[in-house]
Amino acid sequence: MNKAICPGSFDPITNGHLDIINRSARVFDEVTVGVLINPEKKALFNVDERVNLIKRVVKNIPNVKVESFSGLLIDFMKEKKIKVIVKGLRAVSDFEYEFQMSLMNKKLNPDIETVFMMSSAMNSFLSSSSVKQVAMFGGCIRGLVPEEIIPDIVKKIDEVHKNY
Ligand code: PNS
């Protein structure tokens, strides 16, 4: 079976992520969305919330599963017997960081390949942080994230605001 992983922070998942996941699911037999547990990075959603948001939006793609992981990506991939990483590239500015990461993963495990997919033009300006910023200041995030999770993002941002 041809397996791949789409790893990331997904705080929260955007239409850009979903596009890459959807397209990966057409290329590979099974796609795992790997949500990084990173205690050093302050996230808006905790990891279980992020996993659940993703599960809701990929529920109709039968060959996609969602799991969290901590530590090195290559160790998680070894455990799951996955050999391919799929990453989206939005612009030239993503290249350097992604290139560095793919070389590091290759150094850590030469059997791993990273495959890059160009993001669709309409998503090329999208990032989780810009979505959070727009939502934080009351801007419209329709069209940026899957419709069904908009209320969750608005509610979470309201809660965070109240605690300040
Ligand atoms: O959505 P992000 O934050 O750009 O995703 C980055 C991610 C999760 C793919 C990357 O940080 C990662 O793989 N982290 C796990 C730690 C690791 O394996 N590091 C070695 C490669 S530099």
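Heads up, the Cβ atoms here are built off N, Cα and C, so glycines get one too.
Annotation comment: TrEMBL describes 5-133 as domain 'Cytidyltransferase-like'. The annotation substrate binding site is assigned in TrEMBL to S9, K41, L73, K87. Among the features that TrEMBL reports, ATP binding site is placed at S9, F10, H17, G88, L89, R90, E98, N123, S124, F125, L126, S127, S128, S129. Summarising the annotation, TrEMBL assigns site 'Transition state stabilizer' to H17.
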S9, K41, L73, K87 screened against S128 (ATP binding site), Cα within 10 Å - retained binding-site residues: S9
DSSP-derived class (H/G/I helix, E/B strand, else coil) of L73 (substrate binding site): helix
Length of the line joining the Cα atoms of H17 (ATP binding site) and K41 (substrate binding site), in Å: 19
Binding-site residues close to ligand 1 - of H17, L89, E98, S124, L126, S128, only those whose C-beta is under 6 Å away: none
Most Cβ neighbours inside 10 Å, all chains, among the binding-site residues H17, K41, K87: H17
Neighbour tally for L126 (ATP binding site), based on other Cβ positions within 10 Å of its Cβ: 20
Candidate nearest L89 (ATP binding site) in space, where candidates are the binding-site residues S9, K41, L73 and distance is Cα-Cα: S9
